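Copied over from TrEMBL:
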- 53-63: compositional bias 'Basic and acidic residues' (COMPBIAS)
- 85-94: compositional bias 'Gly residues' (COMPBIAS)
- 132-253: domain 'MI' (DOMAIN)
- 296-417: domain 'MI' (DOMAIN)
- 431-552: domain 'MI' (DOMAIN)
- 599-718: domain 'MI' (DOMAIN)
- 1-120: region 'Disordered' (REGION)
Amino acid sequence: MDFTAGKLSNEHKEQLRCASENADPLTVSALQISPKSPRSPKSPKSPKSPRSPGDRHSKHGSDRGSPLKHKKSSHSPRDGRPKKGGCGGKGTWGGLMDTDDVHAIDPNDPNYTSSEDTERTSTKDMVAAFEEYKKKAIILVEEYFQNDDITSTANELIELGMSCYDFYFIKKLVSMAMDRHDKEKDMAAVLLSALYAEVIKPQQVYKGFRKLLESADDFIVDIPDAIDILALFIARAVVDDILPPAFLAKANSSLPKDSKGIEVIKRAEKSYLSAPLHAEIIERRWGGSKNKTVEDVKDKINNLLIEYVVSGEKNEACRCINDLNMRFFHHEIVKRAIIMAMETQQAESRVLDLLKKTTEEGLINSSQLSKGFNRIIDNIDDLSLDIPNARMIFQSIISKGASEGWLCISSLKSLSTQLEKQEIDEKLVKEFKLKAQSMIKEYFLSGDIEEVSRILESENSSCLAELNAIFVKKLITLAMDRKNREKEMASVLLSSVCFPADDVVNGFVMLIEAADDTALDIPIVVEDLAMFLARAEVDEVLTPQHMEEIGSQFFEPNSIGNKVVLMAKSLLKGRLSGERILRCWGGGGSSTNGWAIDDVKDKIRKLLEEFESGGDAKEAYRCIKDLGMPFFHHEVVKKSLVIIIEKKSERLWGFLKECFSMGLITMYQMTKGFARVAESLDDLALDVPDAEKQFKVYVERAEAEGWLDSTFSFNRLGHNSMENGFC
């Protein structure tokens, strides 16, 4: 070959081009072409050939900062000659068996598209940014453990400007604390609570703890007690209200069954979150707040409220509440604030303003707010001894809170005026028990619910709570000793007689207390009681809050009561739990035996279409009632909303409004129906392009009507939140 000044002649160039075009792609690896030089590289056998600028790799070259490949440039004057075997030298063709697809892109390549270069560059930038974030996160955690400065750490985390990677900060903070002393563990928990929402988004916290659970198998290699420590971190996060309790159930269903993450979840639930006074125990486990006692905190709460009522400084009061750093104890603030408002009329407006501000800003969450109000409801009779008009004043406070939108009435217990507990002599109780037993046996034969209701009304004309509870106990006890038919009839009767929920709760408590004796005749008493309890919640005889109330009276881990409640909760957590529990004894609620869910959905669709096309509203209401499936009314809401969005039907919107005002569809079912539509918006948008826009409008209208629970948020159910696994 004739080389002149290191260049190929035109003839040889043409030969080289033809050879490269005819080469078998299976026997020759890809050419390494510099993006800065569209020309083919010089032969590796001509070291004198000049290199293009793109082939010079130095510390300022194109590989700077790449986390995937660290290339070291040689300072030798020699060019990169092929290594033994004919591959690996700089500027060479590569080895015969090389399959690495990492090569530069030639803009002159006929198959080149501009998106390739953009995507490759974008991916490299993202990886490099994440690697940089990792390094800085480790430094931030180390500095925090040294100086214990929450404000400085928060500011530096904000300055990083990469909030999409904050889940890694959560993971690194906890994992580094796990391998240190209790002091650092408590510091990490305090920092998480302080950064939550304001600095680190809830979705990132959720994702960070998911990553920790997924890495539990790795942690245990270096940290023998990693399962217990990580379980305590998760329990602490739930207590501090930075993780929803539902996190445990969702993580449990998605993790591999043989992973250590499952053990962590079980330990968090059974050893920590199920224990009595678990919040205080968890908060002090690593020595946090060791100088605080409950009485000290109560005194501080009392002082800050007195000072606020005098000064009216809401911002200062909020700061003091935040400085307490005891989110799980905020219900005490609510309780004491309301009592202060009830005692002093002049303090009422300021107290309500403070409660409104703290709830709207998320300083006091809805759970703690409801708990505080419910504690007042439980003690309203005692308060009436010191405050004559306590009940009336408290009812006024509830009404004001609901009208201003910061209090959800549906989360509160009933405040209806109840007769004082009357002493019932043993003779009356014995007579009622005999009559109740006879009445129930006759019902099992006849199935006449109306007759039972009539007799109950005549026998218990004073509506004594104790007699109602005795009837509940007797009904379920007799049913448990019989076949599935009688068990189904007992559940149907329980949902039909409309006893006050508190009387039903007392009936179940009496059943559980007598379970040891019942077990002598009915070995599977725990399973049966759990199913009856779960069925009562599905039929909306009881609420989840009542379930917690029953469980709070049987907190010993090995007690029958604890086992019953835990089993009932487990049944309710399952997929399609409502439908399964409803058919646990072969029934469907009332006259719907044998119905499949698809049949019910079809009936709902037909009755709505018939009503929308001009049918009778009363007939539609009757059809919904006749379904006998109150737990499934969210399907009525969902299908109505779909038709409303597709046809813009105001007639159906009025139908939903009337169903809600009648109490036919509860707030819980209404909220669940809206949530179901939010989850299926992508599919709905295929037929109705502006479905999401319309849905937002209807959500606003529903909120204005007071249909939706305060916990509902369309944004929270949206795609971005769901992608991170947050709910």
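Sequential numbering from 1, following the chain as shown.
For all residues, glycine too, the Cβ spot is worked out from N, Cα and C.
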Summarise the domain 'MI' (296-417) as counts of helix, strand and coil residues per DSSP.
98 helix, 0 strand, 24 coil
Within the domain 'MI' (132-253), what mean pLDDT does the predicted structure show?
89
So how many of the residues in the domain 'MI' (132-253) end up helix, strand or coil by DSSP?
99 helix, 2 strand, 21 coil
